[in-house]
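Per Swiss-Prot, the feature ATP binding site maps to ALA11, ASP12, ILE13, GLY14, GLY15, THR16.
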Amino acid sequence: MSANSQPVLVADIGGTNARFALADTSLDAPLLKESIREYAVAEFPSLGDAARHHLEQIGAAASRGVFAVAGRVDGDEARITNHPWVISRSRTAAMLGFDELHLINDFAAQAMAISLLQPEDVVQVGGAAWVPGKPGQPRNYAVIGPGTGLGVGGLILRHGRCYPLETEGGHVSFPPGTPEEIRILEILSEQFGRVSNERLICGPGLVNIHRAVCEMAGIDPGQLQPVDVTARALHGDPQAMRTVDVFCAVFGAIAGDLVLTQGAWDGVFLTGGLTPKMLDSLQHSGFRQRFEHKGRFSSIMARVPSLAVMHPHAGLLGAAAYAADAERDAPGVAA
């Protein structure tokens, strides 16, 4: 363990649930598995209350923390859309009696997790196989994940250090690539005005695509949830099956664009709550064809790995990696 003998409290705060764990940053696999818990955010008035409850539940103490939140971190505060908590770093640290507390974006944590992932933590989705870089080897990675929304980030590895890219790339404009997708854009524009990638590639995005597909077919889409769309697709419903096909193809196109934008030639990691659930669809769809279909760069894109992250606690793992990196920056710690 580091100079501080206590483990670090790490958290992954989403719109509905909050996950906590203790991490020993001196270990290659830093998460202390027996300490991992998940709580509904609605059960607690604040992040500090949830964190304190967790420490009480596991009978542990901590004086440092890294909390990843599903929103933009702006100075001392983090804001999550439609979330009951107003998250203040300083107030939360004071409430917990912490000497040090970092708030980071959830996809900064997902990106940092790449530095600790093992080959068994990922599943190849077409293309080249992933070979983790050797210590000190420069690497550029992208990360993208559909869940309640669409998270986008990246990771730059230089001289043994990790530099996460915090972005709001899920909100860039949706670029249709086929006549069908142009029509889907037109239909969604009638509802939303501007249409971002997140309007299609996330859980609610499945419903949006399904509604557009049904409108093109002259069929009432009904009032469905994302799980209803995927369930209907499994049972052979034509519109639901087409929805999943469009989702995977657009996801692939966007992931490929992200690689080009970030120069992430060493691979893109697919995370988020939907990726494990839709893994079979991603592997047997147009995802990879659209990922590679980049004109003069198609042959280069064919060599870029696309990898589904299957680690059950990647956000917590990334928060632990961030904590380890922060320790190396601490005064008196040799690089």
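Using the three backbone atoms N, Cα and C, a Cβ is placed for every residue, glycine included.
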Fill in: The one of GLY14, GLY15 whose CB sees the fewest other CB atoms within 10 Å, among these binding-site residues
GLY15
Practice prompt. Other than ALA11, ASP12, ILE13, GLY14, GLY15, THR16, which residues of the same chain sit close to ATP? List them in sequence order, counting a residue when its Cβ is within 8 Å of the Cβ centroid of the site.
Written response: ASN17, ALA18, ARG19, VAL41, VAL69, ALA70, ILE80, ASP106, GLY315
Item to complete: Determine the most Cβ-crowded residue among the binding-site residues ALA11, THR16, using a 10 Å radius around each Cβ and all protein chains in the structure.
Response: ALA11
Worksheet item: Looking only at Cβ atoms, how many others are within 10 Å of the one on ILE13 (ATP binding site)?
Response: 28
Worksheet item: Going along the chain, which residues six or more apart from ASP12 (ATP binding site) have their CB under 8 A from its CB?
Response: ALA18, ARG19, ALA68, ASP106, ALA109, HIS313, GLY315, LEU316, ALA319
